[in-house]
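These come from Swiss-Prot:
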{"type": "SITE", "residues": "Asn7", "note": "site 'Transition state stabilizer'"}
{"type": "BINDING", "residues": "Asn7, Tyr8, Arg135, Cys136, Thr137", "note": "substrate binding site"}
{"type": "BINDING", "residues": "Lys30, Ser33, Glu180, Glu229", "note": "NADP(+) binding site"}
{"type": "BINDING", "residues": "Gly83, Gly84, Asp85, Thr86, Gly87", "note": "NAD(+) binding site"}
{"type": "ACT_SITE", "residues": "Glu102", "note": "active site, proton acceptor"}
{"type": "ACT_SITE", "residues": "Cys136", "note": "active site, nucleophile"}
Amino acid sequence: LAIPPFNYPVNLAVSKLAPALMAGNTVVLKPPSQGVVAGIHMIKCFQAAGLPAGTVNLVTGKGSEIGDFLTTHPAVNCISFTGGDTGIAISRKAGMVPLQMELGGKDACIVCSDADLDLAATHIIKGGFSYSGQRCTAVKVVLVMQDIADELVRKVHAGVQKLKVGRPEDNADITAVVSEGSANFIQGLVEDAKAKGATFLTDWKREGNLLWPVLLDNVTADMRIAWEEPFGP
């Protein structure tokens, strides 16, 4: 059973399918609810390429409705899942079935005193805000030596201010997050940080699912944003 995420619905699906097929298995692909069309077209490509019928099988639907049925089905003898907290629920219900999971994280960038700060700032911005931050490997926190912190903050802030916010078809750097639920979750993290005294280097702005990039300083360990994965800009 292969369950890829919405942000790379083809790339991460293939990375699950290929090893399984090479090892002689048949596979059930359950594409993400927000990436079903990509999964359907990929299966059509496999069929057009001559892959035997039944080798890769597609099941669509909301994970909340069909997830338990799939992950606990007796015919499933391995589960490969990429995502967030859902992986915990799958692992609890799957029993002794082998699991391969890539879940959430809080990826840090560490900047030492002798670093090239222009280079560091460039990669922090690229790592934090590409795909509007909707990547499991996105930079989510920067740990920097005190003696260079203020200068690095200025450089990162200047770069963030240049990011274009808007629609993908307009080549914007920051586009809408995947769902209203995701936007609401991110807003909750931001509001918690504000209530607990974080320094906002950018203004908080939201229009529907479109969130302007947020840059925070003086984040403390009691803030949710210090520990939870925002999966957004």
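Cβ atoms here come from the backbone N, Cα and C positions, even for glycine.
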Cys136 (substrate binding site) has its Cβ surrounded, within 10 angstroms, by a count of other Cβ atoms equal to 19
Which residues in the same chain, at least 6 apart in sequence, have a Cβ under 8 Å from the Cβ of Ser33 (NADP(+) binding site)? Phe6, Gly61, Lys62, Gly63
Go through Lys30, Arg135, our binding-site residues, and report the one whose Cβ sees the most other Cβ atoms within 10 Å. Lys30
If you measure between the CA atoms of Arg135 (substrate binding site) and Glu229 (NADP(+) binding site) and round to the nearest Å, you get 10
Residues near Thr86 (NAD(+) binding site) by Cβ (under 8 Å) yet at least 6 apart in sequence within the same chain, in sequence order, are Gly63, Gly67
Just going by other Cβ atoms within 10 Å, which of the recorded positions Asn7, Thr137 has the emptiest spot? Thr137
Have a look around Glu102 (active site, proton acceptor) and count the other CB atoms within 10 A of its CB, chains all included. 17
Secondary-structure category, per DSSP, in which Glu102 (active site, proton acceptor) falls: strand
